[in-house]
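S.K.: I am attaching a structure below and will ask some questions about it afterwards.
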Amino acid sequence: MYVTVYLAILVLLGLCVGLELTARRLIAPQSTPTAVANPAFRSFQKVFLRAYLLALWADWLQGPYLYKLYRHYSFLESQIAILYVCGLASCVLFAPFSGWLPQALGRRRTCLLFCLSYSACCLTKLSRDYFVLIVGRILGGLSTSLLATTFEAWYVHQHVDVHDFPKEWIPSTFTKVATWNHVLAVGAGLVANMMAEWLYLGPVAPFILAVPCLCCCGWLVLTGWGNEEAEGGPEGDKKTLLLGTPNGGVARLSAKVRFTRSCQDGLRCLLSDQRVMLLGGVQALFESVLYVFVFLWTPVVDPHGPPLGIVFSCLMAASMAGSLLYRLATSTRYCLQPSHVLCVAVLMAFFSFFMLTFSTAPGQPRPHESFLAFLLLELASGLYFPAVGFLQSRVIPEEKRASVLSWFRLPLHLLACLGLLALHGEVSGTGGGESGSGTRHMFGGCAFMMLAALMAVISLFTLGRNDTELKLEGSRGEGEM
């Protein structure tokens, strides 16, 4: 297994390089990046990317060894499942506030709050106390919710309202983010493995390394982003503050009203359009099983001795390969539509979980087959995210997208919590022992959920067969959101 993992990372990195070169050769001549020629935009983009990529890097560093750290502290699998549930439940609770906080506190201050809360989350990993670790998971849920919304909200506001750049330039920035995000994820696995295993610092080392990265991110936000929010937006609207009470009560009230109306508009959009309902169902089913997978991959492969950081890098490289394959598949050379790619991705995920129900049989584990199934699942997720992102951009109005996606995340996290609670119950019912049968049953349940997601994708495809909104114009193959 040790040799297999190292061979896999070499093959996957070579595959990613080959796919990237092929994609550039096929797609780059068709693009006309006018934003690149604007020095003011490039300077603004760099200011944003430096801070945001540091935040993403700190987030990825915590991925490979979280479960391993809890096992290192001698917690049972059922106890670890509860810790994961606390993190997911806090995501559900804090998701609405992550949309409201930037309006109440200001976008830049909310980004600083993210750095503070995530640093505190990492520092709790130094404790072996179960209650402290639960607090850390709650802080992690808050931080994850803020990371998913606040930085992008600051960028879009600055891009449009402060610098008055064309909206058409926004995807160029987030395309760079998506590319670097995959690179950072692969690199984070390698660095975490070096810290934890090669340097023998233990599984807590990557979490400690994340703290100075978050401090640097906070410093860049504090000093490099300036105070430009005062030029516009709810947090800097001088007229609103002057008309309100001395402590700004009217400004806060208007932010709450906007947030309430935004939630109501998002729910109306979700219930009034069948395409949005189906897309939300696919997202809830697919991404909830990914959360369950995040919990289960370590106990499946760790008993067989592979370096977990390298395994994590393999999984992220497979996801990167899937994203690159999406770009090629939707290019003018191959002309596949995002709905087709989404169907393929869900089918691959179903087949992956189907494989895992056999490769994780109690007493007869087949780690090589399980590892292959994990790679297939990550390849499917690499295809899934750009495809579903494109479809969301077409069926959900831009002004309602944030609130609709917040409603999507509610059943997503609830399904993941229910799955982990079911696993916790099954493990506890066996007297706290290892959950060989519980893991297999969870993978079987995930396969069933993927089958339901496949039915939703087919329904969406049938409903929008002649819908031009769900198709790429000319199949440009850019793979943006």
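The backbone N, Cα and C atoms fix where each Cβ goes, glycine too.
Summarising the annotation, TrEMBL assigns transmembrane segment to 6-27, 47-67, 79-98, 134-156, 202-222, 276-297, 309-329, 341-359, 371-391, 403-422, 442-463.
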S.K.: With a Cβ cut-off under 8 Å, give me the same-chain residues at least six positions beyond the ends of the transmembrane segment (309-329) that come close to it.
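M.R.: Same-chain residues near the transmembrane segment (309-329) but 6 or more away: 5-6, 8-9, 12-13, 15-16, 19-20, 22-23, 26-27, 60, 63-65, 178, 182-183, 185-194, 196-197, 297, 301, 336, 341, 345, 371, 374-376, 378-387, 477-479.
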S.K.: What stretch in 276-297, 341-359, 442-463 has the biggest tally of Cβ pairs under 8 Å against the transmembrane segment (371-391)?
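M.R.: By the under-8 Å Cβ criterion, the transmembrane segment (371-391) pairs most with 341-359.
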S.K.: Are there residues at least 6 beyond the ends of the transmembrane segment (47-67) whose Cβ is under 8 Å from a Cβ of it, and what are they?
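M.R.: Non-local partners: 80, 111, 114-115, 118, 122, 144, 147, 151, 154-155, 158, 173, 176-177, 180-181, 184-185, 187-189, 191-193, 196, 203-204, 206-207, 209-211, 213-214, 216-217, 220-221, 224-225, 294-295, 298-299, 302, 308-309, 311-312, 316.
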